[in-house]
Structures are given as structure tokens and as C-alpha cells.
Amino acid sequence: MLKIKLEKTTFENAKAECSLVFIINKDFSHAWVKNKELLETFKYEGEGVFLDQENKILYAGVKEDDVHLLRESACLAVRTLKKLAFKSVKVGVYTCGAHSKDNALLENLKALFLGLKLGLYEYDTFKSNKKESVLKEAIVALELHKPCEKTCANSLEKSAKEALKYAEIMTESLNIVKDLVNTPPMIGTPVYMAEVAQKVAKENHLEIHVHDEKFLEEKKMNAFLAVNKASLSVNPPRLIHLVYKPKKAKKKIALVGKGLTYDCGGLSLKPADYMVTMKADKGGGSAVIGLLNALAKLGVEAEVHGIIGATENMIGPAAYKPDDILISKEGKSIEVRNTDAEGRLVLADCLSYAQDLNPDVIVDFATLTGACVVGLGEFTSAIMGHNEELKNLFETSGLESGELLAKLPFNRHLKKLIESKIADVCNISSSRYGGAITAGLFLNEFIRDEFKDKWLHIDIAGPAYVEKEWDVNSFGASGAGVRACTAFVEELLKKA
């Protein structure tokens, strides 16, 4: 992980092997920009990166005056620098966008530091020739690129220290999620997932309860159990329950995650191409583990429960079948018409378990539907639920954190598509359209009336795992949901 060192000095006086200078909105007029003739000769117009080898300056373009683009550009700069021979880089403090906001300086520093730190991530566990980055340190000179309004209340140094703490915690939490999601299924089993959760619990002094199939049987979590039937003798299920309890808690929050450590589709077998990357179907459960790490280290004033349903969905003589009827923990019967709609079965029982805790808010995370990716693209998560205020708060705070989110509306016409003639509900829609919403409506069937306005469903199927670099995310897992939900919890507590 890149070490960031804060120094009370000017940018010019800071010492490092290389300088990083951002070109914001194609403005080359600042004194930190050197050798403008060279930039003109090579027609560098402030987009992407450009290395001035003579002066050892890396220029990184920020296309617009936008804090999210600053974060992305910082990440791109570090990705470039890690391929070079510099051990250290220095950078000043930049303020992009929303200069009139009281927290503008803090948010810019968070973005800068997080972008710098995330730029070094690469999942290379199984590479025989690992190329370790030479870059080890970023020196941040506590000098403003330009004055920022309304920052008198908080000194630059104080804001920088707070931002650095956030960036370190968030980077660690995101890397926990990314490493877990990227772990191949031969290793990343339900038991392995529980072991990762136990490490997080031990480090943060959290309560943890890891339950096996016998517990699931006792609690009548038959929908969850059905999904695991083909894997039971080899990779049994785990219900993981993490608990963070601060001395003062303004709210009780339950975070629920789908932890499908591998999903071949079951007897409704996926085509070969669709099976590849299904190690990422544990993205929701992994995000919950990362969130418990982040929220505990940030010391939020909320009692937080993290509930992960970890299992495989495989084929075999004991596999559950289309035409099966399952009785869920909530007592509702489910007609199975497609075994590849399995994540919602696991979540149904886990949401029932979460409601037994009587939380003030329930948020579930799942790589639930390909339909969500078709509808919103691979970079955006969907928000569903009944409470407009809660949905808006998650969307607004999530967007400010740098994640992309959009609300999808429930409606009575789509609800009819999951009706069953022989059970209380069907696990798959009778139509190919609106699949992300019908999956959310299926989960809604297992939310009790008193929790309808307390529940949010977040479908992270798109951004949880993308096979290319984008924004501050490396190839593979992104840790989708962690930044957004952390910001959501912080905003929720401000209103408590």
C-alpha cells in the first residue's frame, strides 16, 4: 500500500524523486506547471498523462473542475508511476468543484488520497513473476493549488489528517473486498469466506457468529439450504453474522450480503461463457465484510450487524430442482422454476434472519441480476425499496462518495409476474422484461410490513466485477457498495 506523508511545506520545497501536477480543466497557467514549451511541442492538452522526463514531472489531466475526476486522475497517475523507477512522488493540495461547500477541502483531500492509494492495487496472487512497484511514498505538501472558500473553520493540516485516516481505512476495506471477490472458487469457499470474516472480527474486536447447516435447519432456512444441497458434502454453507457495537449507538443497522462463492446455475446450468467470473457472485457478502471493517475503524455511532449467506450453487445428484417448492424461514412457499435464480433464495432467508434483530434500517447487497447490468450498464448499481427518503439518501450520499447509483421503481404490474399458481411466490419472473425489479419484488415478499419502509435493496451486479480498469477500479473486483454505504450510514447518523 502506498504510504502518504503529510508535510507542512510548499510544493516547491517538498523533496521527492518525481512531481505530480494536475492540469485542471486544461488550465496550464499555474506556477507548478514547468516547461510549457515542451508540453506545447508534444501537443499535450491536459488529458491523460504526460511525463516531462527532464524535470521529472508527471502531468495528469482533470478534464473538468470535478472532485470525482480528481480522484480518478490521481489513480491513473499512480498506475503510470508504478511502471516507472521513481520511489517517491510529491503533490500539492487541489480543490475541484463545489468550492462554496463547507466540506469542499476535506472532500477534495479524501478524493486525492484515495485515488493515490487505490492506484497501486493489483490482484497478482497467482502470478509467478510478480512485478512489485518501486513507488512506495507520496509526499503531500500542505499548500493549496488555489484558495478555497469557507475553509477557515478547518485548518488545512486538520482536514488533511482526517482525509488521510479515511483514505487509509477505505483503501484497506476495499482491498479486503477485492481480494475476497477475486479469490478463485477452488479456494474461496463458504468456509474461506467465514475465515476472512473472522480475521476482520478479530482485528476490530467485533462479535462474530458462524453458523453451519445444522443451525440453518433449526431456523428453518430451507431456501438457503436448498441452494447448497449439491455442495453440502464438499463445501457446506455458512451463515456469517458480524456485530459492531459502539458504546453509544444512535441506530441499529443490518447489512445483508449475498455470498455465492460460485454459481454454475445449478441444474438450470449456465452456458460456459456465462459461468466465467461467477466467483464474483460473492460480491455482496464480501462488501458487507468490508463495510464492517470500515464502519468499525471509523467508529460510527451505530450498532451494525453484517449478515452473509455463503454457499455454492452447483449441480449433483442432491441438487435442488426446477419444480421444487421450498418453505422459507418466513413461512412463505416458493415455487422454483429456475435454479439459477438462487441468490434471491439465500437472501430471502437472510433478510428474515436480519428482521429478527429488529433493526432500524436494513440494506442488502447482491450481484443479483444480469438484467440490472443490461438496464444500467456495468458501472452503476441499482437502488430499490419503498421509502423514497431512504432511497434518495442512499443515492445522494453514494454518488458523493464516487460510486454510480440509480433508483429503480417497484410497480404493481411487475409484481404480478412473480405470482405462482401452486405456491406463494415464484422465484423467477414469467417475463424477460424488468428482471432487476422483479428480483427486488421477490425479496420484498419476505420483508414484513413493519420493515417495508426500513429496507433497501442494492443490486451491484454491474460494478462488482468488471474485466477492465475503470475509474479508480482495477481489473476485476471493485468493492462496489462499500464507499456508498459508508457515506449513507454517516449521513443517516447525522439525521438521527
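From the backbone N, Cα and C atoms, a Cβ is placed for every residue, glycine too.
Summary of the site annotation: Swiss-Prot records Mn(2+) 1 binding at Asp340, Glu342. Screening the candidates Asp263, Asp273, Asp424, Asp449 against this entry identifies Asp263 as the one listed for that site. For the Mn(2+) 2 site, Swiss-Prot gives Lys258, Asp263, Glu342; the one candidate out of Asp281, Asp323, Asp324, Asp360 that the record lists there too is Asp281.
Each residue in Val227, Leu260, Met278, Lys282, Asn313, Gly343, Val346, Ala366, Thr367 lies on the same chain as Lys258, Asp263, Asp281, Glu342 and has a C-beta within 8 Å of the C-beta centroid of that Mn(2+) 2 site, without being one of the site residues. Sequence-distant neighbours of Asp340 (Mn(2+) 1 binding site) (same chain, 6+ apart, CB under 8 A from its CB) are Asp263, Gly265, Gly266, Ser268, Leu269, Lys270, Asn313. In the three-state DSSP reading, Asp263 (Mn(2+) 2 binding site) counts as strand. For Glu342 (Mn(2+) 2 binding site), the same-chain residues lying six or more positions away in sequence with a CB closer than 8 A to its CB are Val227, Leu260, Asp263, Gly266, Asn313.
A simple Cβ count within 10 Å picks out one of the recorded positions Lys258, Lys270, Arg344 as the most packed, and that one is Lys258. Here Lys258 (Mn(2+) 2 binding site) is positioned 8 angstrom away from Arg344 (active site), judged by their C-alpha atoms.
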